[in-house]
């Protein structure tokens, strides 16, 4: 699912065109689930094909039980007994270490093969039976995933599809991955329990406060311009990860958080109701406005839940103009035509769109499987268009969506703002400080991105506090969240992950010649002496014939030389004789 933001021009000349093209949407507390998908990749002639053959969702409570994945197959043709092999569940050494890229776990017939089974008495087979069965109702297949909670599914699991159990090579590769997606249709938001919402806000602010000192130190102007710290994408990523974890989005490990270089780092999330606690602008100092902040747009909805003012009444479910100038409470802002401010002047909003919003980092969440597919397309610019036709991608889930799904930005945050009298001053200050830190990041990234977009060397120096520790994917800077839920900055680890991503979606390589099969390879110590003996027996007659011909030739030449030797007349008398 691709997250969308609303970018509106600042000029007032084309207001109808702005909102005709992109209408902001309401946030209805969307639900997110872990979704499994199976993709089949095969070749016909010189053309490669890739198609998502089936999906299955875990329960809203998480992937706690075995999952049944229904799917179809396109590459097996009329074969009735296909076989699936995975490398991860092999127990034999030879099955795990021989011909991994070619056979994908089944170089021998004694390897762990998931042969198709018959339907069980209850209609489908349980995990105790064969996990790979045929669905007689739909004509497709069912694969039972016994451990959907395992991190390997988020990384992506690659398997081989064999037409039969005696096939030498797979006819296609199967990729199964688990991603975090928004559930459609989004259910209606429910009333939030006030004590729970207050507790959630307190937990969130405590995390923000613990990291605030370091962030403020990084963002505060130094005493000397020569000692100014460069902007760090890593700071933005860590801030977003902390907010996400504090908001209750769990299982964020073995994944990537990415920031787009050409997109603002902050996004304004519309709130469903007006701010309840308001004061006159004279009673509070007016904070500096923050321009060019996009408004988050939920693609599943067409209207905003609440607006203070709007040029078109159809854009909002409910509109209520303020009776006086207001000041937003801690953690909240007024969004008017891409500009954030803490105060709202009731006399100047009649011709503009103004909504109450919260502020979160604009990041994208990828699983390893998703990023591997995207990396394989970007590895060669010549093949991006061709591969994109056969490899549709679920790009990821916006961090703004994740926070909204957890209650922030809708019921929980709104109710907490309305109940600020029950919160301590320290909690209120922490929320406000967090928003100010993100606002400072917004101002820095706007100036930095303009220079970095034209100078990759400068960009490399600005990606992290201690060097280039982000993975560049097109125009996105991605950081890896390891198994501990922390941003990994180890360069060696990142390089290893980058190589794995480049190799993960490599096309199915042609199999080796028959004489290089693993079975034949094990017989080579016995076959080599036999082959040498056969070779000697084949060459011996030729060699003997050659040697015999050479001996005969040498004998003939020697005999002829003796016959043709020059004749010399023998003397008839003694030369020393004198008569």
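Each Cβ is built from the backbone N, Cα and C atoms, and glycine gets one as well.
Swiss-Prot assigns the feature motif 'CX6CC' to residues 470-478, out of the candidate ranges 470-478, 479-487, 488-496, 497-505. Per Swiss-Prot, the stretch carrying the note transmembrane segment among 524-544, 545-565 is 524-544. For the recorded site, residue 477 (disulfide bond), the DSSP three-state label reads strand. The Cβ neighbour count for residue 477 (disulfide bond), using a 10 Å radius and every protein chain shown, is 25.
The average pLDDT computed for the region 'Surface protein' (23-387) is 70.
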